[in-house]
Amino acid sequence: MKDSLYKRVIAFTNARLWQLVHVDVLLVSALMILVTGGLFILYSASGQNIDMVERQIFRLTLGLGVCLALAQLQPKYLRRASPLLFVFLALLLIGVLLFGVGAKGAQRWLALPGGLRFQPSEFMKIVMPMMIAWYFSDRQLPPSFKQILVVIALIFIPVLMIAKQPDLGTSLIVAVSGLFVLFLAGLGWRYIIGAAALAPIGGYVLWQFMHGYQRQRVLTFLNPESDPLGSGWNIIQSKTAIGSGGIDGKGWLEGTQAQLDFLPESHTDFIIAVLAEEFGLLGCAALLLAYFLVIARGLFIAANAEDNYARLLAGSLTLTFFVYMFVNIGMVSGILPVVGVPLPLVSYGGTSIITIMATFGILMSIQTHKRAR
Amino acid sequence: MSRRHQNFRNYRQEQRLTQNRVIASAIFVLIMMAVLLARLFYLQVVQHEIYQTKADDNRVMLITEPPPRGLIYDRNGLVLADNRPIHSLTVIPERVEDIKTLRETLSATIDITDSEWDDFNNRLSEYRRPYQSITLKSQLTDEEWAKISVDLYRLHGVQVEAQLTRYYPFGEAFAHAVGYVGRITANDLQKVDRLVYQGALFIGKTGIEDFYEDTLFGQPGLSKVEVNARGRIMSELERQNPTPGKDLHLHLDARLQQYAHDLLGDYKGAVVAIDPKTGGVLALVSKPSFDPNMFVQGISYGNYSVLRESNSLPLFNRAVRGGYPPASTIKPFMALAGLEYGFSSWTERYFASGFYQINPGGRRYRDWKRTGHGWVDLERSVIESVDTYYYQLAHKMGITPIHNFLSRFGFGESRLLDMYGSSSGLLPSSEWKRAKYNESWYPGDSVNVGIGQGFMVATPIQMASATAIIANRGEYHYPRLVDKVGDEPIEFDDKVGQLHKITLKNQGHWERMVVAMRKVITDDKGTARRLQGTEYSIAGKTGTGQVFSLREDEEYDAEALEKRLHDHALFMGFAPAEAPKIAVFSIFENGGSSGKPADLAKLLFDAYLYDDFPTRYDYLKGSNHER
């Protein structure tokens with residue numbers, strides 16, 4: 001007589017109401033778990049600064065608003081707007097290079113009237129996969145060699161412009177978001193294997209052309225102890241924080257590395273080290289599980305999307321989200337070089353929260369606008 | 001092209017292709033997440049202990065707290081070396097982002113001289129424990145302290161530390177007796193346990209401060225603290241209090257010391273007073289002197305070179321290192337030597353003309369009195385300081401008995417128990433001359449030594465100590481400065497600390513010699529008859545040391561000679577003669593006649609024996625002054 005709990009949950013998530021407001025309950029739930037956990041870590045990482053947590057909640061709420069709004073939009077409108085948006089953003093990127101403002105030697109923003117600032121490269125993270133997905137949307141898959149070359153050009157023109165700002169982290173994310181579409185579109189394995197084989201040779205050639213200080217950065221990554229007080233400091237301290245956390249951590253608000261300020265950027269790029277120190281390996285595993293839930297739902301939506309455009313876009317956006325996470329944790333734990341990539345939805349601040357939430361809006365749009373079968 | 005073939009597209013196949021790629025991506029994601037987990041496992045489980053240690057090294061700091069240094073008191077409980085609280089501006093270089101910027105920021109607030117910065121940079125390059133603060137400016141004024149305190153919150157690595165500094169309240173009169181401390185140098189650290197001296201500012205450099213360093217220093221405290229990344233101490237985890245250094249109580253009498261110092265006036269010279277019963281040094285004066293406080297915080301190069309290069313050698317401790325010809329003050333000892341070895345007797349008489357010749361027609365060794373003294377016996381030779389008597393006596397004896405006998409009084413040997421660097425003077429012997437000059441000992445050498453000239457050299461502390469031996473009729477202690485450590489009497493190595501004794505073949509000679517030295521004052525022809533008229537009895541012996549060798553027939557003419565070539569004036573004496581409480585040796589360099597040192601000794605006796613110092617010395621009375 002009584003339905004099992006499982007059946008009731010399924011029934012709840014499939015309710016007509018959610019379909020009407022274009023909300024994917026599983027994705028939103030996974031995001032909520034991730035975000036809520038992130039707020040607790042942020043409270044500790046910010047030195048128990050409740051104001052900071054409130055501002056983060058505000059941003060997340062804003063992001064959720066953007067997410068829900070985008071979810072209402074039918075994917076076909078997104079598809080049609082893709083090339084326009086791409087060209088528009090590319091022009092803005094040229095504008096940034098010419099008239100951009102910024103700080104610390106990087107110019108990333110366009111000044112808007114009223115003292116506002118606008119960072120075009122941030123939106124390129126979404127528009128790039130839209131563009132490439134649009135390119136493939138009415139072409140037969142897998143792509144031909146010529147198409148591959150076109151797509152590579154489409155990807156690397158804006159990427160190089162962003163890299164020149166310079167903003168290595170963002171250009172990297174934009175590049176992979178485009179390349180993922182190419183991969184999902186069925187890029188031949190021989191190309192992939194070939195590129196992988198060529199990478200070390202390319203690396204060697206690149207090394208020959210590098211300036212001394214650039215080589216130094218690479219060396220510091222390979223051996224942070226060579227410069228313990230300079231650029232190696234961050235990574236040494238973050239590894240110390242993570243390693244000293246052990247299996248079950250030192251306890252919330254009890255991490256000495258984080259609370260005594262040994263860990264730099266503890267509330268932004270290095271926030272995972274705070275989690276690792278205070279909650280240990282178990283806490284890290286829980287966080288990775290939360291990420292995995294989000295990513296798994298994203299890939300499920302991609303796999304079940306209605307058309308090529310939706311599949312390619314949903315898949316690429318989800319994988320880009322994964323890359324965010326992977327690059328951040330990889331760099332903080334010392335297996336990747338330090339590039340400024342925040343931990344998505346957990347690190348404090350940045351416009352990245354809005355754009356990331358926007359990608360989930362697009363995913364929900366793709367999932368909830370399918371014609372009933 | 002694709003547009004044209006649109007109709008032939010196999011949508012199902014394309015869907016399967018992209019779905020397969022999504023599945024491949026999912027597998028890729030899983031693998032990469034496993035890589036991350038493996039990495040975290042490696043850091044958090046496999047290498048956990050390494051990083052746990054690193055994290056603790058980051059946050060836990062051991063701070064050594066230097067113990068308060070023991071104080072140095074005079075015999076009446078007056079503090080001669082004190083500890084004073086000061087506030088100093090210190091810097092932990094590891095916490096400073098950029099020293100140059102710091103310099104600019106600081107100079108806007110308080111005055112820090114270039115030499116202070118130089119000192120700071122020098123100490124920065126020397127060995128030091130990481131995170132140990134370096135003093136940038138010591139002894140901040142209240143105003144500077146207030147100014148800098150306002151800015152401290154934004155000056156990372158800069159702090160105001162309360163420290164104890166050494167202070168010598170009575171300055172230069174005590175510099176040579178007490179010594180001084182100075183900043184610890186890399187050199188010093190090679191001699192001591194670095195662990196113990198972590199965080200300590202000072203180490204004894206000379207005098208008592210140096211010799212009793214271990215006693216005065218104490219045991220440092222240890223505190224384990226938790227610090228944040230900027231070096232701010234967040235909490236104390238463990239603590240072990242320092243053990244203060246032990247106080248030292250000297251035999252020194254501050255008023256006697258200051259009085260003697262003042263009585264030397266502008267003369268260079270030295271005064272040493274000893275309590276014959278204990279060997280305790282009551283006064284140890286060397287002049288000119290210097291303010292020891294200059295050395296405590298580090299003397300400036302300019303000041304130091306002035307002291308160093310001064311012709312009058314203010315840094316040189318004449319009292320223990322100054323080698324002087326003892327001149328006629330050696331005569332009582334020479335007389336006792338003659339008696340001991342049977343070369344003279346109290347009754348034997350000698351005709352003293354104006355000179356002495358080893359061989360007829362040979363070199364004339366002149367008496368200070370051109371006309372001679374006529375018939376004299378041993379006692380009179382002491383009273384009138386008859387040179388010719390001792391020329392002939394020394395000639396008869398030869399150097400070996402002289403050497404053997406005088407060495408029993410501590411000549412040629414450094415006996416001062418508790419000060420480094422005291423000189424052993426020079427008690428010559430034929431072996432010594434052979435080794436030094438590759439020449440044999442000539443009879444004329446003995447003749448010169450007979451009146452305390454020639455090769456013979458002694459320090460004021462040796463002379464005072466030898467005087468005390470006669471005063472105490474052969475019984476003596478090695479001279480020492482410290483009486484008590486804390487409340488305990490000082491203990492020296494048994495052999496040197498104990499009571500020693502010189503036993504003459506005829507012990508009666510002691511008393512006879514005291515009588516002779518007594519008559520140096522009381523006899524109408526006594527060389528120190530100017531000291532007559534005291535209620536107590538003084539025994540003594542004058543001396544006039546030649547700085548400038550006169551030729552055989554030349555007359556000493558003080559007027560015509562430059563001051564630096566004037567004779568040294570010496571006096572040894574003790575009082576009361578029957579039961580001496582104080583023995584004094586004093587020397588005025590280029591003082592001319594022996595009147596000045598004799599007068600000085602008498603004034604010291606007067607004051608010390610009756611506790612009747614001029615009232616201007618009341619401030620040196622000390623807290624537990626009795627009598």
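Backbone N, Cα and C atoms are what each Cβ position is placed from, and that goes for glycine too.
Over in TrEMBL, the protein carries these features:
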TRANSMEM  A:21-45  transmembrane segment
TRANSMEM  A:57-73  transmembrane segment
TRANSMEM  A:85-106  transmembrane segment
TRANSMEM  A:118-137  transmembrane segment
TRANSMEM  A:144-162  transmembrane segment
TRANSMEM  A:168-185  transmembrane segment
TRANSMEM  A:192-210  transmembrane segment
TRANSMEM  A:279-300  transmembrane segment
TRANSMEM  A:312-339  transmembrane segment
TRANSMEM  A:345-366  transmembrane segment
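Same-chain residues lying 6+ beyond the ends of the transmembrane segment (A:57-73) with a Cβ under 8 Å from its Cβ atoms: 21-24, 35, 39, 345, 349, 353-354, 356-358, 360-362, 364-365, 368.
Of the two recorded stretches, the transmembrane segment (A:85-106) does not lie close to the transmembrane segment (A:312-339), with fewer than three CB pairs under 8 Å once pairs fewer than 6 apart in sequence are set aside. By the Cβ criterion (under 8 Å, sequence separation of 6 or more), the transmembrane segment (A:168-185) is not in contact with the transmembrane segment (A:21-45), since fewer than 3 such pairs are found. Contact between the transmembrane segment (A:312-339) and the transmembrane segment (A:118-137) holds: at least three of their C-beta pairs are under 8 Å, each pair 6 or more apart in sequence. Residues 12-13, 52-53, 56-57, 60, 68, 71-72, 252-253, 255, 258-259, 266-267, 271, 274-275, 278, 286-287, 290-291, 293-294, 297-298, 301, 343, 345-346, 348, 360, 363-365, 367-369 of the same chain lie 6 or more positions beyond the ends of the transmembrane segment (A:21-45) yet place their CB under 8 Å from a CB of it. The stretch with the most CB contacts under 8 Å to the transmembrane segment (A:144-162), chosen from A:118-137, A:192-210, A:279-300, A:345-366, is A:118-137. The stretch in A:192-210, A:279-300, A:345-366 that contributes the largest number of Cβ pairs under 8 Å to the transmembrane segment (A:118-137) is A:345-366. Nonlocal intrachain contacts for the transmembrane segment (A:192-210), taken as residues 6+ away from its ends with a CB within less than 8 angstroms of a stretch CB, comprise 183, 218.
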